[in-house]
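Chemist: Right, I'll just put the structure down here and ask away after.
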Amino acid sequence: MSVSIFGSAKANSATKALLLGSGELGKEVAIELQRFGIEVIAADSYENAPAMQVAHSSHVVSMLDGEKLATIIRAEKPDFIIPEVEAIATDTLLALEAEGFNVVPTARAAKLTMDREGIRRLAAETLGIKTSPYIFADSKEEYLSAIEKIGKPCVIKPVMSSSGKGQSIVKSAADLDNAWTYSQVGGRSGEGRIIIEGFVPFDYEITLLTVNAVDGTHFCDPIGHRQENGDYRESWQPQAMSTVALQKAQNIAKKIVTELGGYGLFGMEFFVKGDQVYFSEVSPRPHDTGLVTLVSQDASEFALHVRAILGFPIGRIIQYGPCASSVILGNGLSDDIKFTNLDQALGSVAGAQIRLFAKPDINGQRRLGVAIARGETVEEAVDNAKTVSNKVNIIY
């Protein structure tokens with residue numbers, strides 16, 4: 001479904017977008033939608049989620065409750081349904097799409113990428129794309145058998161999780177029990193199916209933001225990132241890589257987004273070893289490592305996603321040179337989070353920016369914001385971003 005006439009928010013003819021998931025990435029998407037006068041409805045499983053704070057209205061609902069989701073969607077009648085998390089009742093989205101609702105980029109893309117199994121089988125088994133070796137397991141017995149076949153070291157992940165939750169590396173027999181237990185408590189849907197991946201020696205990881213739009217497929221410059229406990233801590237753009245490796249990554253990305261279909265931005269993750277490229281994962285939405293694009297490009301990943309969704313051309317994406325993001329990571333227990341020393345943080349690096357996500361609470365580790373900075377080199381940009389993020393004090 002395409003929209004050619006755009007109404008104004010809250011008017012009788014308003015063009016509406018419903019966000020399914022309202023975290024920090026959804027918040028930036030909501031802001032970009034509002035730049036075009038779109039009425040934004042934000043939904044998530046908890047109150048006062050970041051995107052709800054900048055939306056016109058909101059709903060608190062489990063994304064896995066298909067019946068309640070369908071009730072909200074039929075009542076709101078959005079022009080665009082925009083999934084912003086993996087764990088959604090995708091069968092409901094498929095049914096609603098068949099009724100004529102517009103799921104971004106497609107309901108099939110949401111279903112295939114809601115867990116690691118659908119997209120891994122599509123990439124490796126249907127499209128013949130190079131990935132790490134893998135086996136899926138439903139029980140501890142299957143898990144142990146899979147490790148015998150895959151070998152050590154290997155990576156254990158719930159099929160449905162994000163930000164490193166439930167993920168660990170098995171290096172020896174001493175890690176087996178803890179890795180299994182963690183995989184069963186860390187996933188978005190609790191106990192269940194996991195993937196055991198053979199460890200791929202790599203030089204670096206990249207995110208290749210890929211935009212499928214009315215004027216074709218477009219690529220942002222590759223983004224490098226550092227992970228800790230399966231979650232990103234810093235990202236930078238551009239990541240240096242060989243012409244051969246970049247072309248391989250772009251070819252794979254185009255193959256996958258073409259298969260998934262629809263308009264929008266896709267966060268493609270790859271491992272790179274020399275000129276060899278291994279597909280890892282894809283999300284049909286903005287990627288957390290892409291927060292760096294808030295300063296590194298003329299149009300951020302969020303702006304690109306919205307422009308593609310609305311059916312607008314992308315044209316040329318302009319990259320401004322070495323830029324980096326550094327996570328402001330909280331670790332505590334509070335439902336009244338406060339920040340200090342922001343003046344010192346912003347004053348420590350010329351041109352630096354801070355985004356605080358305004359998450360309503362914290363219990364353990366949680367990403368609460370990000371610092372973004374430029375530099376003469378990527379290394380300097382990363383150092384600058386870390387300098388800023390490290391100066392932010394969090395009060396729990």
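Glycine residues also receive a Cβ, built from the backbone N, Cα and C atoms like all the rest.
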Chemist: Hey, Swiss-Prot has N(1)-(5-phospho-beta-D-ribosyl)glycinamide bound by E24, L25, E84, K359, R366, R367. Any idea which of D175, D275, D288, D298 it lists too?
Modeler: D288
Chemist: Through the lens of DSSP with three states only, how would you label E24 (N(1)-(5-phospho-beta-D-ribosyl)glycinamide binding site)?
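Modeler: Going by the DSSP assignment, E24 (N(1)-(5-phospho-beta-D-ribosyl)glycinamide binding site) falls within a helical segment, counted as helix.
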Chemist: So which binding-site residues out of L25, E269, D288, R366 end up within 10 angstroms of E205 (ATP binding site), measuring C-alpha to C-alpha?
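Modeler: Within 10 Å Cα-Cα: E269.
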Chemist: May I ask you to report the DSSP-based helix, strand or coil state of F199 (ATP binding site)?
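Modeler: The three-state answer is coil.
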Chemist: Could you check which of the binding-site residues (G166, E197, F199) sits closest to D288 (N(1)-(5-phospho-beta-D-ribosyl)glycinamide binding site), going Cα to Cα?
Modeler: G166
Chemist: Can you tell me how many other Cβ atoms are located within 10 Å of the Cβ belonging to G166 (ATP binding site)?
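Modeler: Excluding its own Cβ, the number within 10 Å is 24.
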Chemist: Across the domain 'ATP-grasp' (121-310), what does the pLDDT come to on average, as a whole number?
Modeler: 94
Chemist: Please report the distance from the Cα of R367 (N(1)-(5-phospho-beta-D-ribosyl)glycinamide binding site) to the Cα of G166 (ATP binding site), rounded to the nearest angstrom.
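Modeler: Cα to Cα, R367 (N(1)-(5-phospho-beta-D-ribosyl)glycinamide binding site) and G166 (ATP binding site) are separated by 16 Å.
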